[in-house]
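The block underneath contains the structure these notes are about, expressed in structure tokens.
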Amino acid sequence: MTRIKINARRIFSLLIPFFFFTSVHAEQTAAPATPVTVEAKNETFAPQHPDQYLSWKATSEQSERVDALAEDPRLVILWAGYPFSRDYNKPRGHAFAVTDVRETLRTGAPKNAEDGPLPMACWSCKSPDVARLIQKDGEDGYFHGKWARGGPEIVNNLGCADCHNTASPEFAKGKPELTLSRPYAARAMEAIGKPFEKAGRFDQQSMVCGQCHVEYYFDGKNKAVKFPWDDGMKVENMEQYYDKIAFSDWTNSLSKTPMLKAQHPEYETWTAGIHGKNNVTCIDCHMPKVQNAEGKLYTDHKIGNPFDNFAQTCANCHTQDKAALQKVVAERKQSINDLKIKVEDQLVHAHFEAKAALDAGATEAEMKPIQDDIRHAQWRWDLAIASHGIHMHAPEEGLRMLGTAMDKAADARTKLARLLATKGITHEIQIPDISTKEKAQQAIGLNMEQIKAEKQDFIKTVIPQWEEQARKNGLLSQ
């Protein structure tokens, strides 16, 4: 059994990531009375913090794009009617934050600032320009409008001012000066009894990452970011919260179920696991202390896999060698993936069977308990797998969530079988060929050729205009 020596690990972290995603409370502020002090151009701080800057810049080496839909075409069906069915890649280095949100098919191909499918909030975990705009315009001013409105303004990749108070004298002296640059994140931490200003250094390290690596949703007319933590951080607590406010991200185009889309709940799952319970922070594992050429220690800002720096991360707490721990992690990952696939198979059938019931004349009242089960099953599945490190952060919680998802999906299918029988349908509902991403997308009626062509035109014509405008306004150095 893995043994963690908590006292062995306090040799880490000074400066913290230039990254991490987004979310929380939707009470927005008016335009600020204070001047804008956020400097979003990351290279500004290279002379003060050269080692940290160069290691942050090295996240550009994490450039591989992995197509999650091609790996698992079932996802296309589960997200039918939602932009994720078009395009979903596994995360790359933080140096690609702005590029990837611009180029994903999910953000569409807007032609002007009022065009496109998504709100401004979709920028919120991509750039220190977000913190700059919130300081400049207030939260109401920032969140207002469509995603395309932010194109000429949000141009610098996740960096220094996302996690540090770069305007402070302490930061200039080389101290980390951690900060929550997103006010909605600060409110969320307060909601769970963790006000940032009163937190210790190790708590603050993970809270800074938790500005973005969390579950969130878009609330109100302005689609402002909010974390669903009012009733707690467990999957059932958030499910209860969403049900209470009758929130849904979209309606599945097959089953007509009002669905929830989990984001990237690393903070929640880390909190539920052995590392979180012992306050082994994100920084301890993903941003260890390393030596520069002169032998000086600094915090490595090339956020990555702990096994890449085994001696500076895992070995500070664990007695096992690298190969032994890699074997443990691989086994946990395989166990979670095996159950994940089984849940997905059940959900795919449930969506198509629900469609068959609707086509056969099932009423809204007849479908409601079935759709509730589908909604809850997929939510629990999604929260378990949307956190890419669940097998390390909280494998037991991941398996528990997937187990309850399987139960809910089975309940939905049992009810569907009974309902279909009342409509005279007793044969098995056939599933179309979804063996590839392309076939699955065709099965839900996506015209991918048109979608891709429109996106390529957007990339060639609109993005260069955004960058030109940003340079004219002094928001980009080059």
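The backbone N, Cα and C atoms fix where each Cβ goes, and this holds for glycine too.
Taken from Swiss-Prot, the feature signal peptide applies to 1-26. Taken from Swiss-Prot, the feature heme c 3 binding site applies to His94, Cys209, Cys212, His213, supported by sequence analysis. Swiss-Prot lists Cys122, Cys125, Lys126 with the feature heme binding site. The annotation heme c 2 binding site is assigned in Swiss-Prot to Cys160, Cys163, His164, His301. Per Swiss-Prot, the feature Ca(2+) binding site maps to Glu215, Tyr216, Lys261, Gln263; the stated evidence is sequence analysis. Per Swiss-Prot, substrate binding site is recorded for Tyr216, His264, and the stated evidence type is sequence analysis. Residues annotated as heme c 5 binding site in Swiss-Prot, with sequence analysis given as evidence: His275, Cys314, Cys317, His318. Marked as heme c 4 binding site by Swiss-Prot: Cys282, Cys285, His286, His393.
Ranking the binding-site residues Lys126, Cys163, His264 by the distance of their Cα atoms from the Cα of His275 (heme c 5 binding site) places His264 first. Using Lys126 (heme binding site) as the reference Cα, a 10 A cut-off selects His94, Cys212 from the binding-site residues His94, Cys212, Tyr216, Cys282. The binding-site residues listed here (Cys163, His264, Cys285, His301, Cys317, His318) include His264 as those with a Cα within 10 A of the Cα of Tyr216 (Ca(2+) binding site).
Of all Cβ atoms in the protein chains displayed, 25 besides its own lie within 10 Å of the Cβ of His94 (heme c 3 binding site). Across the structure, Glu215 (Ca(2+) binding site) and Cys122 (heme binding site) are spaced 13 Å apart at their Cα atoms. For Cys314 (heme c 5 binding site), the binding-site residues whose C-alpha atoms fall inside a 10 Å radius of its own C-alpha are Cys285, out of Lys261, His264, Cys282, Cys285, His301. Fewest Cβ neighbours within 10 Å among the binding-site residues Cys122, Cys125, Cys282, Cys285: that distinction goes to Cys122. Only Cys125, His264, of the binding-site residues Cys125, His264, Cys317, His393, have a C-alpha within 10 angstroms of the C-alpha of Cys212 (heme c 3 binding site). Maximum intra-site Cα distance, heme c 5 binding residues His275, Cys314, Cys317, His318: 12 Å. Between the binding-site residues Lys126, His275, His393, Lys126 has the most other Cβ atoms inside 10 Å of its own Cβ, all protein chains included. In the three-state DSSP scheme, His318 (heme c 5 binding site) is classed as coil.
Shown are the binding-site residues Cys160, Cys209, Cys212, Cys314, Cys317; of these, the residue with the fewest other Cβ atoms within 10 Å is Cys317. Surrounding the centroid of the Cβ atoms of Cys282, Cys285, His286, His393, where the record places heme c 4, the chain contributes additional residues within 8 Å, namely Cys209, Glu266, Trp270, His275, Val280, Thr281, Ile283, Asp284, Pro306, Gly389, Met392. DSSP assigns His393 (heme c 4 binding site) to a helical segment in the three-state reduction.
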